[in-house]
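TrEMBL annotations:
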TRANSMEM  12-31  transmembrane segment
DOMAIN    26-345  domain 'Ammonium transporter AmtB-like'
TRANSMEM  76-96  transmembrane segment
TRANSMEM  103-134  transmembrane segment
TRANSMEM  140-159  transmembrane segment
TRANSMEM  208-224  transmembrane segment
TRANSMEM  236-254  transmembrane segment
TRANSMEM  266-283  transmembrane segment
TRANSMEM  290-308  transmembrane segment
TRANSMEM  328-346  transmembrane segment
Amino acid sequence: MPALYRSFRSSVPWLILSLEAVLMALSHLLFSDSKYVYISYSGETALHLQDVSHMLIFGFGFFLTFLKRYSFSSTGFNLLIIILGIQCSILMQNALCSPAMKLCVFLFFPCFHCSIGEAAVSTIAVVISIGAVLGKMNPMQSIVMTVVEIIVFSVSKWINMHFLEVKQQMCMMHVHLFGAYFGLAVSSRFSEPSPKSEKNASTPKSDLLSMLGTLFLWVFWPSFNSLEALEKDKVIINTCLALAVSAVTAFTLSGLTTKDGKFRMTHIHSAALAGGVTIGYAADSIKSPWIAMILGLLASVISIVGSFCLQNCLNPTLKIHDASGVHFTFGLPAVLGALTHVVFLVI
(Lines of atoms letter the chains of each structure in order from A and count residues from 1; the text may use other names and numbers.)
(Lines give C-alpha, C1' and ligand atoms only; values in the text may rest on other atoms or scores of the structure.)
Protein backbone atom coordinates (compact mmCIF):
# COMPACT_ATOMS: atom_id res chain seq x y z
CA MET A 1 0.00 0.00 0.00
CA PRO A 2 1.14 3.62 -0.38
CA ALA A 3 3.50 5.10 2.16
CA LEU A 4 0.77 7.51 3.29
CA TYR A 5 -1.16 4.63 4.84
CA ARG A 6 1.64 2.85 6.72
CA SER A 7 0.57 4.30 10.06
CA PHE A 8 -2.72 2.38 9.77
CA ARG A 9 -1.18 -1.05 9.27
CA SER A 10 -0.80 -1.78 12.96
CA SER A 11 -4.47 -0.97 13.54
CA VAL A 12 -5.88 -3.24 10.83
CA PRO A 13 -5.42 -6.58 12.67
CA TRP A 14 -7.09 -5.18 15.78
CA LEU A 15 -9.96 -3.84 13.70
CA ILE A 16 -10.45 -7.25 12.09
CA LEU A 17 -10.34 -9.06 15.46
CA SER A 18 -12.78 -6.58 16.99
CA LEU A 19 -15.16 -6.90 14.08
CA GLU A 20 -14.99 -10.68 14.22
CA ALA A 21 -15.73 -10.61 17.96
CA VAL A 22 -18.77 -8.44 17.33
CA LEU A 23 -19.96 -10.81 14.59
CA MET A 24 -19.62 -13.79 16.94
CA ALA A 25 -21.57 -12.03 19.67
CA LEU A 26 -24.36 -11.03 17.30
CA SER A 27 -24.46 -14.56 15.86
CA HIS A 28 -25.04 -15.93 19.34
CA LEU A 29 -27.93 -13.52 19.87
CA LEU A 30 -29.59 -13.81 16.46
CA PHE A 31 -29.18 -17.54 15.86
CA SER A 32 -30.33 -18.64 19.30
CA ASP A 33 -34.01 -18.91 18.30
CA SER A 34 -34.58 -21.17 15.31
CA LYS A 35 -38.14 -19.88 14.96
CA TYR A 36 -36.98 -16.62 13.44
CA VAL A 37 -33.61 -17.49 12.02
CA TYR A 38 -33.22 -19.60 8.92
CA ILE A 39 -30.15 -20.56 6.96
CA SER A 40 -31.16 -22.78 4.07
CA TYR A 41 -28.44 -24.95 2.62
CA SER A 42 -29.46 -27.66 0.19
CA GLY A 43 -27.71 -29.49 -2.60
CA GLU A 44 -28.89 -27.00 -5.21
CA THR A 45 -27.82 -24.12 -2.98
CA ALA A 46 -24.38 -25.69 -2.65
CA LEU A 47 -23.92 -25.76 -6.43
CA HIS A 48 -24.98 -22.15 -6.82
CA LEU A 49 -22.79 -21.17 -3.89
CA GLN A 50 -19.79 -22.74 -5.63
CA ASP A 51 -20.45 -20.74 -8.80
CA VAL A 52 -20.96 -17.47 -6.91
CA SER A 53 -17.81 -18.17 -4.88
CA HIS A 54 -15.83 -18.69 -8.08
CA MET A 55 -17.15 -15.38 -9.38
CA LEU A 56 -16.24 -13.55 -6.18
CA ILE A 57 -12.83 -15.05 -5.47
CA PHE A 58 -11.44 -15.77 -8.93
CA GLY A 59 -13.56 -13.54 -11.15
CA PHE A 60 -13.58 -10.27 -9.24
CA GLY A 61 -10.25 -11.08 -7.60
CA PHE A 62 -8.45 -11.15 -10.96
CA PHE A 63 -10.78 -8.56 -12.50
CA LEU A 64 -9.25 -5.84 -10.29
CA THR A 65 -5.58 -6.71 -10.83
CA PHE A 66 -5.03 -4.31 -13.76
CA LEU A 67 -3.03 -1.84 -11.61
CA LYS A 68 0.52 -3.15 -11.23
CA ARG A 69 0.98 -1.58 -7.79
CA TYR A 70 -2.18 -3.15 -6.38
CA SER A 71 -2.22 -6.61 -7.93
CA PHE A 72 -1.55 -8.45 -4.68
CA SER A 73 -3.76 -6.03 -2.75
CA SER A 74 -6.65 -6.63 -5.14
CA THR A 75 -6.60 -10.40 -4.78
CA GLY A 76 -5.66 -10.50 -1.09
CA PHE A 77 -7.97 -7.84 0.29
CA ASN A 78 -10.69 -9.06 -2.04
CA LEU A 79 -10.73 -12.37 -0.14
CA LEU A 80 -10.77 -10.56 3.22
CA ILE A 81 -13.64 -8.32 2.15
CA ILE A 82 -15.63 -11.28 0.82
CA ILE A 83 -15.44 -13.36 3.98
CA LEU A 84 -16.27 -10.39 6.21
CA GLY A 85 -19.06 -9.26 3.90
CA ILE A 86 -20.75 -12.67 3.82
CA GLN A 87 -20.82 -12.83 7.62
CA CYS A 88 -22.23 -9.32 7.87
CA SER A 89 -24.83 -10.05 5.20
CA ILE A 90 -26.09 -13.19 6.97
CA LEU A 91 -26.42 -11.29 10.25
CA MET A 92 -28.19 -8.35 8.61
CA GLN A 93 -30.72 -10.53 6.81
CA ASN A 94 -31.62 -12.30 10.03
CA ALA A 95 -31.53 -9.14 12.14
CA LEU A 96 -34.18 -7.57 9.90
CA CYS A 97 -36.42 -10.60 10.52
CA SER A 98 -35.80 -10.75 14.27
CA PRO A 99 -38.66 -10.22 16.77
CA ALA A 100 -37.01 -7.07 18.09
CA MET A 101 -37.02 -5.51 14.62
CA LYS A 102 -40.66 -6.40 14.08
CA LEU A 103 -41.58 -4.97 17.46
CA CYS A 104 -39.69 -1.70 16.91
CA VAL A 105 -41.35 -0.88 13.58
CA PHE A 106 -44.69 -2.64 14.29
CA LEU A 107 -44.44 -4.85 11.24
CA PHE A 108 -45.56 -8.42 10.80
CA PHE A 109 -44.09 -9.36 7.46
CA PRO A 110 -43.15 -13.01 6.99
CA CYS A 111 -39.48 -13.86 7.29
CA PHE A 112 -37.66 -14.93 4.16
CA HIS A 113 -35.15 -17.72 4.31
CA CYS A 114 -31.60 -16.43 4.48
CA SER A 115 -29.27 -18.53 2.38
CA ILE A 116 -25.51 -18.38 2.22
CA GLY A 117 -25.80 -17.97 -1.55
CA GLU A 118 -27.86 -14.79 -1.11
CA ALA A 119 -25.32 -13.47 1.37
CA ALA A 120 -22.53 -14.11 -1.14
CA VAL A 121 -24.50 -12.30 -3.85
CA SER A 122 -24.93 -9.29 -1.56
CA THR A 123 -21.15 -9.14 -1.19
CA ILE A 124 -20.82 -8.59 -4.95
CA ALA A 125 -22.05 -5.04 -4.41
CA VAL A 126 -19.09 -4.38 -2.10
CA VAL A 127 -16.56 -5.87 -4.52
CA ILE A 128 -17.90 -3.72 -7.35
CA SER A 129 -17.68 -0.61 -5.16
CA ILE A 130 -14.10 -1.43 -4.22
CA GLY A 131 -13.24 -1.38 -7.92
CA ALA A 132 -14.25 2.29 -8.16
CA VAL A 133 -11.91 3.33 -5.33
CA LEU A 134 -9.05 0.94 -6.03
CA GLY A 135 -5.72 2.58 -5.29
CA LYS A 136 -7.22 5.33 -3.15
CA MET A 137 -8.33 3.52 0.02
CA ASN A 138 -6.29 1.84 2.72
CA PRO A 139 -7.28 -1.55 4.22
CA MET A 140 -8.97 0.02 7.26
CA GLN A 141 -11.17 2.22 5.08
CA SER A 142 -12.02 -0.77 2.89
CA ILE A 143 -13.18 -2.83 5.87
CA VAL A 144 -15.30 0.01 7.23
CA MET A 145 -16.77 0.58 3.78
CA THR A 146 -17.63 -3.14 3.54
CA VAL A 147 -19.59 -3.14 6.79
CA VAL A 148 -21.42 0.10 6.02
CA GLU A 149 -22.34 -0.92 2.49
CA ILE A 150 -23.63 -4.34 3.55
CA ILE A 151 -25.86 -2.69 6.15
CA VAL A 152 -27.19 -0.09 3.70
CA PHE A 153 -27.75 -2.66 0.96
CA SER A 154 -29.57 -5.06 3.31
CA VAL A 155 -31.86 -2.30 4.51
CA SER A 156 -32.49 -1.21 0.93
CA LYS A 157 -33.36 -4.75 -0.11
CA TRP A 158 -35.65 -5.14 2.90
CA ILE A 159 -37.52 -1.94 2.00
CA ASN A 160 -37.85 -3.01 -1.63
CA MET A 161 -39.29 -6.40 -0.71
CA HIS A 162 -41.67 -5.36 2.05
CA PHE A 163 -42.82 -1.87 1.10
CA LEU A 164 -42.36 -1.73 -2.67
CA GLU A 165 -43.23 -5.45 -3.04
CA VAL A 166 -40.34 -6.13 -5.40
CA LYS A 167 -39.56 -9.78 -6.06
CA GLN A 168 -36.64 -11.25 -4.20
CA GLN A 169 -34.83 -12.14 -7.43
CA MET A 170 -35.12 -8.55 -8.65
CA CYS A 171 -33.79 -7.25 -5.34
CA MET A 172 -30.72 -9.44 -5.72
CA MET A 173 -30.10 -8.08 -9.22
CA HIS A 174 -29.75 -4.59 -7.73
CA VAL A 175 -26.24 -5.47 -6.54
CA HIS A 176 -24.73 -4.17 -9.80
CA LEU A 177 -26.62 -0.88 -9.74
CA PHE A 178 -26.15 -0.34 -6.03
CA GLY A 179 -22.49 -1.36 -5.99
CA ALA A 180 -21.51 0.79 -8.96
CA TYR A 181 -23.06 4.03 -7.77
CA PHE A 182 -22.20 3.49 -4.11
CA GLY A 183 -18.58 3.10 -5.18
CA LEU A 184 -18.77 6.23 -7.35
CA ALA A 185 -20.24 8.19 -4.45
CA VAL A 186 -17.38 7.10 -2.19
CA SER A 187 -14.85 7.80 -4.95
CA SER A 188 -16.03 11.40 -5.16
CA ARG A 189 -14.68 11.96 -1.64
CA PHE A 190 -11.12 11.07 -2.70
CA SER A 191 -8.77 13.00 -4.91
CA GLU A 192 -7.90 11.65 -8.34
CA PRO A 193 -4.36 10.25 -8.71
CA SER A 194 -2.08 11.97 -11.17
CA PRO A 195 -2.23 10.48 -14.69
CA LYS A 196 1.54 9.95 -14.56
CA SER A 197 1.44 8.34 -11.13
CA GLU A 198 2.32 4.68 -10.62
CA LYS A 199 -1.15 4.19 -9.14
CA ASN A 200 -2.66 4.39 -12.63
CA ALA A 201 0.04 2.35 -14.35
CA SER A 202 -0.45 -1.20 -15.57
CA THR A 203 1.71 -3.90 -17.09
CA PRO A 204 0.96 -6.58 -19.71
CA LYS A 205 0.96 -9.16 -16.91
CA SER A 206 -1.56 -7.24 -14.81
CA ASP A 207 -3.78 -6.66 -17.86
CA LEU A 208 -3.64 -10.37 -18.66
CA LEU A 209 -4.69 -11.33 -15.13
CA SER A 210 -7.50 -8.79 -15.27
CA MET A 211 -8.74 -10.26 -18.55
CA LEU A 212 -8.61 -13.71 -16.92
CA GLY A 213 -10.98 -12.41 -14.26
CA THR A 214 -13.35 -11.23 -16.99
CA LEU A 215 -13.36 -14.73 -18.48
CA PHE A 216 -14.20 -16.27 -15.09
CA LEU A 217 -17.09 -13.84 -14.64
CA TRP A 218 -18.32 -14.46 -18.19
CA VAL A 219 -18.42 -18.23 -17.67
CA PHE A 220 -20.25 -18.20 -14.31
CA TRP A 221 -22.65 -15.32 -15.01
CA PRO A 222 -25.57 -17.52 -16.19
CA SER A 223 -25.48 -19.43 -12.91
CA PHE A 224 -25.48 -16.15 -11.00
CA ASN A 225 -28.56 -14.82 -12.82
CA SER A 226 -30.46 -18.06 -12.23
CA LEU A 227 -29.72 -18.23 -8.51
CA GLU A 228 -33.21 -17.10 -7.39
CA ALA A 229 -35.09 -17.73 -10.67
CA LEU A 230 -38.03 -20.10 -10.84
CA GLU A 231 -37.47 -20.99 -14.52
CA LYS A 232 -33.74 -21.53 -14.33
CA ASP A 233 -33.36 -23.07 -17.79
CA LYS A 234 -34.92 -20.08 -19.53
CA VAL A 235 -32.84 -17.64 -17.51
CA ILE A 236 -29.61 -19.49 -18.29
CA ILE A 237 -30.36 -19.61 -22.04
CA ASN A 238 -31.28 -15.92 -22.21
CA THR A 239 -28.19 -14.97 -20.23
CA CYS A 240 -25.91 -17.02 -22.48
CA LEU A 241 -27.38 -15.40 -25.59
CA ALA A 242 -27.03 -11.89 -24.14
CA LEU A 243 -23.44 -12.55 -23.07
CA ALA A 244 -22.52 -13.98 -26.47
CA VAL A 245 -23.92 -11.03 -28.40
CA SER A 246 -22.40 -8.60 -25.92
CA ALA A 247 -18.93 -10.10 -26.36
CA VAL A 248 -19.20 -10.15 -30.17
CA THR A 249 -20.38 -6.53 -30.19
CA ALA A 250 -17.50 -5.55 -27.92
CA PHE A 251 -14.97 -6.98 -30.37
CA THR A 252 -16.73 -5.32 -33.31
CA LEU A 253 -16.91 -1.86 -31.74
CA SER A 254 -13.37 -2.15 -30.46
CA GLY A 255 -12.09 -2.74 -33.99
CA LEU A 256 -14.19 0.07 -35.42
CA THR A 257 -13.24 2.70 -32.85
CA THR A 258 -9.47 2.24 -33.01
CA LYS A 259 -7.39 3.94 -35.70
CA ASP A 260 -5.37 0.86 -36.59
CA GLY A 261 -8.37 -1.47 -36.46
CA LYS A 262 -6.91 -3.59 -33.66
CA PHE A 263 -8.88 -4.96 -30.73
CA ARG A 264 -8.39 -3.16 -27.41
CA MET A 265 -8.71 -5.39 -24.40
CA THR A 266 -9.95 -2.48 -22.32
CA HIS A 267 -13.13 -2.49 -24.42
CA ILE A 268 -13.53 -6.25 -24.13
CA HIS A 269 -12.79 -6.04 -20.43
CA SER A 270 -15.65 -3.62 -19.80
CA ALA A 271 -18.26 -4.56 -22.43
CA ALA A 272 -18.14 -8.36 -22.52
CA LEU A 273 -20.04 -8.59 -19.22
CA ALA A 274 -22.53 -5.80 -19.93
CA GLY A 275 -25.06 -8.15 -21.52
CA GLY A 276 -25.13 -10.37 -18.43
CA VAL A 277 -25.73 -7.38 -16.16
CA THR A 278 -28.62 -6.07 -18.29
CA ILE A 279 -30.36 -9.38 -18.91
CA GLY A 280 -30.43 -10.23 -15.20
CA TYR A 281 -33.41 -7.96 -14.61
CA ALA A 282 -35.70 -9.44 -17.26
CA ALA A 283 -34.26 -12.86 -18.07
CA ASP A 284 -37.30 -14.70 -16.69
CA SER A 285 -39.75 -12.44 -18.60
CA ILE A 286 -38.20 -12.86 -22.06
CA LYS A 287 -39.94 -15.44 -24.21
CA SER A 288 -38.08 -14.87 -27.50
CA PRO A 289 -34.32 -15.31 -27.88
CA TRP A 290 -33.98 -12.31 -30.22
CA ILE A 291 -35.01 -9.99 -27.37
CA ALA A 292 -32.17 -11.28 -25.20
CA MET A 293 -29.75 -10.84 -28.10
CA ILE A 294 -30.87 -7.24 -28.68
CA LEU A 295 -30.43 -6.44 -25.00
CA GLY A 296 -26.90 -7.87 -25.12
CA LEU A 297 -26.09 -5.74 -28.14
CA LEU A 298 -27.49 -2.56 -26.57
CA ALA A 299 -25.67 -3.20 -23.31
CA SER A 300 -22.32 -3.57 -25.06
CA VAL A 301 -22.91 -0.43 -27.12
CA ILE A 302 -23.84 1.58 -24.03
CA SER A 303 -20.78 0.31 -22.19
CA ILE A 304 -18.26 1.25 -24.91
CA VAL A 305 -19.94 4.47 -26.06
CA GLY A 306 -20.41 5.52 -22.46
CA SER A 307 -16.71 5.06 -21.77
CA PHE A 308 -15.96 7.46 -24.64
CA CYS A 309 -18.61 10.08 -23.93
CA LEU A 310 -18.90 10.19 -20.15
CA GLN A 311 -15.36 9.53 -19.01
CA ASN A 312 -14.14 12.97 -20.01
CA CYS A 313 -17.06 14.87 -18.48
CA LEU A 314 -17.77 12.71 -15.43
CA ASN A 315 -14.64 13.56 -13.47
CA PRO A 316 -14.42 17.32 -14.22
CA THR A 317 -18.12 17.87 -13.47
CA LEU A 318 -18.78 15.55 -10.52
CA LYS A 319 -15.14 15.14 -9.44
CA ILE A 320 -15.42 11.36 -9.67
CA HIS A 321 -12.56 9.07 -10.61
CA ASP A 322 -13.64 5.59 -11.62
CA ALA A 323 -10.54 3.44 -11.16
CA SER A 324 -11.72 0.26 -12.90
CA GLY A 325 -14.62 1.56 -15.00
CA VAL A 326 -17.43 0.05 -12.90
CA HIS A 327 -19.74 2.79 -14.16
CA PHE A 328 -19.52 1.50 -17.72
CA THR A 329 -19.23 -2.19 -16.88
CA PHE A 330 -21.97 -2.45 -14.25
CA GLY A 331 -23.68 0.91 -13.70
CA LEU A 332 -24.99 1.87 -17.15
CA PRO A 333 -25.92 -1.72 -18.19
CA ALA A 334 -27.79 -2.13 -14.89
CA VAL A 335 -29.74 1.06 -15.59
CA LEU A 336 -30.64 -0.31 -19.02
CA GLY A 337 -31.74 -3.61 -17.45
CA ALA A 338 -33.91 -1.85 -14.85
CA LEU A 339 -35.60 0.27 -17.53
CA THR A 340 -36.17 -2.87 -19.63
CA HIS A 341 -37.84 -4.56 -16.68
CA VAL A 342 -40.12 -1.56 -16.21
CA VAL A 343 -41.09 -1.71 -19.89
CA PHE A 344 -41.93 -5.41 -19.59
CA LEU A 345 -44.09 -4.71 -16.53
CA VAL A 346 -45.97 -1.97 -18.37
CA ILE A 347 -46.48 -4.14 -21.44
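Note: Cβ is positioned from N, Cα and C throughout, glycine not excepted.
Quantities reported herein were computed from a predicted structural model and do not represent experimental measurements.
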In the same chain, residues at least 6 away from the ends of the transmembrane segment (266-283) whose Cβ sits under 8 Å of its Cβ atoms read 66, 170, 173, 176, 210-211, 214, 217-218, 221-222, 224-226, 229, 234-235, 238-239, 242-247, 249-251, 253-254, 257, 292, 295-300, 302-304, 307, 325, 328-330, 332-334, 336-338, 340-341, 344
Problem - Stretch-level contact, the transmembrane segment (236-254) and the transmembrane segment (290-308), CB cutoff 8 A, at least 3 pairs - result: yes
Model confidence over the domain 'Ammonium transporter AmtB-like' (26-345), as mean pLDDT, sits at 77
